[in-house]
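Features from TrEMBL:
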type: DOMAIN; residues: 1-306; note: domain 'GH26'
type: SIGNAL; residues: 1-25; note: signal peptide
type: ACT_SITE; residues: E134; note: active site, proton donor
type: ACT_SITE; residues: E246; note: active site, nucleophile
Amino acid sequence: MALRSILTAIGTLAALSGAAAPVSAAPETMVYTGAACNGREKLPRFESVIGRPVEGYVEFLSYGTWPEFSSSLGYSLSCWRDTPYRLVLSIPMLAVGGDMKKAAQGEYDQYYQGVADQLVKAGQSKAYLRIGWEFNGNWYIWKASKDPEAWIATFRRIAKIFKSTPGSDFQIVWNPNHGRQAIAPDKVWPGDDVVDVIGTDLYNRSYSASDTTPALRWKRQLTEPNGLNWLVKFATAHNKPIALPEWGTGTAKDGSGQPDDPDFIRNVAAWIAANNVVFQAYWDYPAPDYRGLISTGAQPNALAAFKEVFGTPPSAAGQ
């Protein structure tokens, strides 16, 4: 069944999740299929197996050095030239060796501005920008727990650079990771004036012996600290729409993954339909830490569920 039709059967879920009123338009379906030209090559396979085109793709800037930060975007944009897809761009707040206090003081403004200018020139002036994504974890060099005040100041500075770029209509995404992490995300909220969308990255994992069924795992994903219930409540309080810039089911290097889980796919779809979600992006990629790939048939039940709930384009969903 199409995503919109799920709305007729989600009363119980909506009550459990603290769901806000759904938006009238179906959210955009995006996907990550790999970096730059590799992702461009693999995206048609994903579209083919789900039976419809997607609206956009996820990309990541490099952060090994500042020159790599700048050049990686140019290379990626060249791969996706003359395609209709909207970009969801993951923007590091620092390059390796960078300092958050210096970033907050404007030391690296030229690099952020350069990215903004490239995007506008390439026709991606409406891109979603995930500035410092998964900042509440401890695995990225821009982790917010190291210096919360400098992190907030840097986020605000970067967002304002992008927003003030001539010809731009960027959507700034504040994007913590799902669940309990190194810092509570609300401790580093940068302000309503610099955020357009609130997102979270959601992967089907379990670290608990009590998560013995898909239903129990989903309940935990809703109710745990900084879980989906928190996301809805926080976004509603700030009058912001929601996004899932990364989500998937599959196997994980640490053994926490839950492969080929159609219930997870359907639960996510119902939750999306019940809430003010503007886009969702499936992780169709065999990353070393999480293999969410469904387009190869490696997870046939999950793929069938995805086609069932997301296989109808937004323009046809209400017909």
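Indices start at 1 and increase along the chain as displayed.
Placed from the backbone N, Cα and C atoms, the Cβ positions cover glycine too.
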Got a sec? Which of these active-site residues, E134, E246, has the most Cβ atoms within 10 Å?
E246
If I take every residue in the domain 'GH26' (1-306) and average their pLDDT values, what number comes out?
93
For the C-alpha pair, I'd like the distance in angstrom between E246 (active site, nucleophile) and E134 (active site, proton donor), rounded off.
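On Cα coordinates alone, these residues lie 10 Å apart.
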